[in-house]
Structures are given as structure tokens and as C-alpha cells.
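> The structure that follows is given in the form of C-alpha cells.
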Amino acid sequence: MDRIRIVGGSKLNGTIAISGAKNAALPLMIAALLTEETLILDNVPRLADVAQLQRILGNHGVDIMSAGKRPGDHQYQGQTLHISAANIIDTTAPYDLVSRMRASFWVIAPLLARMREAKVSLPGGCAIGTRPVDLLIMALEKLGAELTIDGGYVVAKAPGGLRGAGIDFPKVTVSGTHVALMAATLAKGTTIITHAACEPEIADVADCLNKMGARITGAGTPRIVVEGVEKLHGARHTVLPDRIEAGTYAMAVAMTGGDVQLSGARPELLQSALDVLTEAGALITVNNDGIRVARNGAGIRPVTVSTAPFPGFPTDLQAQLMALMTCAGGSSRITETIFENRFMHVQELARFGARISLDGETATIDGTAKLRGAPVMATDLRASVSLVIAGLAAEGETMVNRIYHLDRGFERLEEKLSACGASIQRISE
Ligand SMILES: CC(=O)N[C@H]1[C@@H](OP(=O)(O)OP(=O)(O)OC[C@H]2O[C@@H](n3ccc(=O)[nH]c3=O)[C@H](O)[C@@H]2O)O[C@H](CO)[C@@H](O)[C@@H]1O
Ligand SMILES: C=C(OP(=O)(O)O)C(=O)O
């Protein structure tokens with residue numbers, strides 16, 4: 001299994017091109033199931049999760065062509081996928097494919113909406129909590145589907161097609177909102193989704209669905225209205241930049257010191273994280289090319305932060321912020337409000353000499369002047385990258401084991417960081 005070796009202590013300086021967002025690319029690829037025409041997606045990141053979803057869609061009979069580089073393409077430009085679901089040959093998404101990735105469960109929505117049936121294994125994904133799908137099931141039932149759970153599969157049927165309805169989510173759910181939105185596009189009549197998730201990836205998917213002929217208003221706000229249409233058609237859409245990747249590199253620069261341009265990053269997608277970084281002592285400037293992050297000389301200041309749905313501080317940056325705070329000049333508090341078990345990085349950060357105590361959903365981090373490199377391993381994607389950030393700032397060698405989580409969500413991580421002066425390499429065995 002591959003590992004990443006880091007020798008810490010170098011400041012980061014240079015430019016990092018931000019990739020397309022994993023959490024937008026995945027539902028956008030799934031949305032291709034809604035039409036028999038071709039959906040072309042630009043700026044799709046080359047990630048393990050994207051490759052896995054290609055296999056899952058392939059199993060349903062979807063043809064996916066990845067266009068090669070064109071002359072003039074920037075070396076960091078993501079891939080273009082031509083996705084054609086002209087013939088759906090199988091409406092079952094099997095356990096061995098779906099269990100590895102949370103978002104793959106969402107195929108249930110377009111399959112049900114277009115084929116009127118679906119059988120999808122209960123999902124897997126990052127081990128950060130129980131992650132039930134009750135609200136996704138509730139949303140599909142509201143739209144008139146009948147759902148049962150049988151042998152680890154959700155079996156869904158809507159023989160007469162889906163019907164528009166009111167869907168009121170009792171808590172904000174990104175997955176629930178994606179599923180409700182996709183299913184409602186082909187339902188008969190109007191669907192009104194309230195307490196919808198406002199994450200930018202939802203608005204990006206709605207934008208693409210509208211290009212495909214859907215009639216959606218209000219995406220990106222808590223109230224989304226969908227007028228169902230009979231058919232969707234092909235379209236071309238560019239995946240929005242990854243705000244979590246941008247925030248991760250911003251935290252890394254704030255920790256090591258240096259000066260890095262995050263090319264293509266969009267500040268409005270991660271304002272809450274930029275505010276926290278500024279409070280912590282990083283210098284953030286917005287320019288035409290993206291966001292510039294620097295920290296020169298000044299120490300890291302402690303912060304108190306709670307994760308929250310967008311536009312709040314994202315849970316997907318919680319572990320990275322915690323890594324940063326291990327070197328703050330004082331005591332920080334980070335509260336995780338979205339997932340009940342998203343502190344798996346705490347015990348691994350302790351291997352670097354970090355001082356963190358946990359009390360329920362709140363971590364108290366007592367900053368230390370220096371971390372020391374160590375062998376570490378993480379069980380989820382963002383926890384893994386928090387260990388990379390700590391390793392970049394720590395004295396001596398860090399070996400990050402079990403890095404397949406990193407490959408799920410960070411495109412060319414070692415390449416991007418090495419180009420900014422980090423000593424980081426992948427060791428393949
Ligand atoms: C592929 C993708 O986009 N993943 C993101 C998505 O995950 P995901 O879509 O799984 O997260 P949700 O927003 O759905 O989950 C939020 C909370 O709602 C709960 N819940 C959710 C569904 C349900 O049916 N019942 C229920 O109780 C979850 O357990 C969690 O406590 O949003 C999370 C929150 O921003 C991010 O951390 C993940 O990176
Ligand atoms: C939790 C994440 O992914 P997933 O929902 O696919 O597990 C993530 O992207 O941080």
C-alpha cells in the first residue's frame with residue numbers, strides 16, 4: 001500500500017492550481033443518468049472517487065469517454081467527461097461498488113425518476129459517524145416512491161412515476177437535498193424543498209440541471225422550487241472549484257508560513273474559513289486569479305470555531321484547522337456539530353506531540369511551539385490531509401500510512417505541494 005513521506009520544516013511558496021470539486025463532480029456525474037443524451041462535464045478532478053463512480057455508472061450501462069488533453073490546455077486542467085446514459089441496462093447498484101463511497105447511493109434518485117425503479121446498496125464512505133439515509137428515503141417517499149430495505153439494499157419503486165410534493169427536511173442534509181433535487185426534476189408537478197442545504201455544490205448541480213432543461217429556482221438558498229419536466233436533454237457544464245481543497249492548502253500555508261497563490265479558488269465559496277484564517281494571523285488577499293495566502297513572521301493565534309452548514313465553517317475543514325491550531329500561541333476550541341464521530345485525527349495528531357483533549361463534541365487544543373514528525377495513519381479523507389499539514393510543519397520525518405483516503409479527494413497532492421517547496425513524496429510498494 002502507498003505511503004507518503006514528508007520531511008517537515010519548509011515554508012510553502014508558489015502557486016497551487018485548485019481542482020474541480022469532488023463533491024460537485026460526483027452528483028453532476030450522477031445527474032447524467034437523468035437523460036438519454038450526452039452530458040459533458042469539464043474540470044472533473046482525477047480522483048479515486050471519480051474513477052469508482054465511473055465503474056458504478058458503467059454497471060448501469062452508462063458510456064463515459066474521457067477526452068484527452070487539447071493543445072493549449074493548462075497542465076493542471078481537469079479531465080472532460082462525455083457521459084451518455086442512452087441505455088440504462090441495470091437499475092441495481094451492487095454492494096461491492098457502492099459500499100466504498102457515500103455519494104454513489106445517490107444514483108437512486110435519477111434511476112427512480114427516469115426508470116421508475118432502483119435497487120441500491122446502503123452506502124459506505126468516510127467513517128465519521130453513523131450517516132443514515134432516512135432523510136433521503138423520506139424525500140423519495142414524499143415524491144410518491146415506495147421504498148423497502150431488503151438484504152442491505154434499498155429497493156425503490158414508482159410505477160406511475162414520481163409526483164411533485166413538499167419536502168421539509170428536519171435537519172440540513174447535503175445528500176438529502178441532492179437526492180430530492182434530482183428526483184424532482186422529472187416528477188409530475190411542483191416540488192418545494194424547505195430547509196434545503198445551501199452548499200455551493202447544490203447550486204452547481206442545479207445550474208447544470210437547468211442547462212439540461214430542468215426548471216429549478218432557489219438552489220443555494222433554504223427554499224428550492226422545482227417544476228417537473230417530462231424529459232431532460234444533454235448539456236455542457238464546468239465543475240466549480242474545490243473550496244475544501246483551497247481551504248486545506250490555505251491552512252497548510254498558515255501553518256508552515258510562506259506565500260502561496262491558490263489559482264482558481266473562489267473566495268465566496270469559503271469566506272467563513274478565510275475569516276478564521278485571518279483571525280489566526282494569516283494574510284489573505286483576493287485577486288483576479290484567486291486567493292493569496294501568506295504568513296510571514298507572525299505567530300498563529302488561537303481561535304474558537306464551530307462547524308456548521310454553509311455558509312458556516314465547513315466540517316470538511318475541521319481536521320485541517322485542528323492541525324493548524326496545534327501550533328497556536330494559546331488554547332483553541334473546535335466544536336464539531338455535523339458528524340458525531342469526526343475526531344479520528346485527534347489521536348494521530350498526538351503522535352506529533354500535539355496536546356488535544358476531547359469533551360463530547362468539543363476539542364480543546366493547547367498550542368505547542370514545535371511538532372515532531374511521526375508515523376501516522378488516518379481513517380478518513382480530511383483527517384488524512386490534516387496529518388499531511390502537521391507533517392509539513394513538524395520537525396523531521398513523517399510517514400503517512402494508508403493514503404488511499406487522500407487519493408479519494410486530493411488530486412496530485414504531492415505534486416502540488418512539492419512545487420511549493422515541500423519535501424513530500426509518495427512511496428509505492
Ligand atoms: C460527497 C459529499 O458531498 N459529501 C459531503 C456531504 O456528505 P453527506 O451528504 O453525507 O452529509 P449530509 O449533509 O447529508 O449529513 C449531515 C448530517 O445529517 C445526517 N443525516 C443525513 C442524511 C440522512 O438521511 N439522515 C441524517 O441524519 C448525517 O448523519 C449528518 O449528521 O456533506 C457533508 C456535510 O457538509 C460533507 O462533510 C461531505 O463531504
Ligand atoms: C466526508 C467526505 O466524503 P464522503 O461524503 O464521500 O464520505 C468528504 O469529502 O470529506
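Keep in mind that glycine also has a Cβ here, set from the backbone N, Cα and C atoms.
Got these off TrEMBL a minute ago, pasting:
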type: DOMAIN; residues: 8-417; note: domain 'Enolpyruvate transferase'
type: BINDING; residues: K22, N23; note: phosphoenolpyruvate binding site
type: BINDING; residues: R102, R131, P132, V133, D134, L135, D316, I338; note: UDP-N-acetyl-alpha-D-glucosamine binding site
type: MOD_RES; residues: C126; note: 2-(S-cysteinyl)pyruvic acid O-phosphothioketal
type: ACT_SITE; residues: C126; note: active site, proton donor
> Around P132 (UDP-N-acetyl-alpha-D-glucosamine binding site), how many other C-beta atoms are within 10 angstroms of its C-beta?
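P132 (UDP-N-acetyl-alpha-D-glucosamine binding site): 10 neighbouring Cβ atoms within 10 Å.
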> Work out the three-state DSSP category of D134 (UDP-N-acetyl-alpha-D-glucosamine binding site).
helix
> Under 6 Å from ligand 1 by Cβ, which binding-site residues from K22, P132, L135?
P132, L135
> Sort out for me which one of D134, D316 has the most neighbouring CB atoms within 10 A, since those are the binding-site residues we care about.
D316
> Filter the binding-site residues R131, V133, D134, L135, I338 down to those with CB closer than 6 A to an atom of ligand 2; keep them in sequence order.
none
> Tally every other Cβ atom lying within 10 Å of the Cβ atom of R102 (UDP-N-acetyl-alpha-D-glucosamine binding site).
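19, counting other Cβ atoms within 10 Å of R102 (UDP-N-acetyl-alpha-D-glucosamine binding site).
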> May I ask for the distance between N23 (phosphoenolpyruvate binding site) and V133 (UDP-N-acetyl-alpha-D-glucosamine binding site), taken between their Cα atoms and rounded to an integer number of Å?
17
> Would you give the longest CA-CA distance, in whole angstrom, between residues of R102, R131, P132, V133, D134, L135, D316, I338, the set recorded as binding UDP-N-acetyl-alpha-D-glucosamine?
22
> Mean pLDDT for the domain 'Enolpyruvate transferase' (8-417), rounded to an integer?
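Computed over the domain 'Enolpyruvate transferase' (8-417), the mean pLDDT is 95 on the 0 to 100 scale.
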> Rounded to the nearest angstrom, how far is the Cα of K22 (phosphoenolpyruvate binding site) from the Cα of D316 (UDP-N-acetyl-alpha-D-glucosamine binding site)?
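With the alpha carbons as reference points, the distance is 12 Å.
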> What kind of secondary structure is K22 (phosphoenolpyruvate binding site) part of, going by DSSP in three states?
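Reduced to three states, the DSSP call for K22 (phosphoenolpyruvate binding site) is helix.
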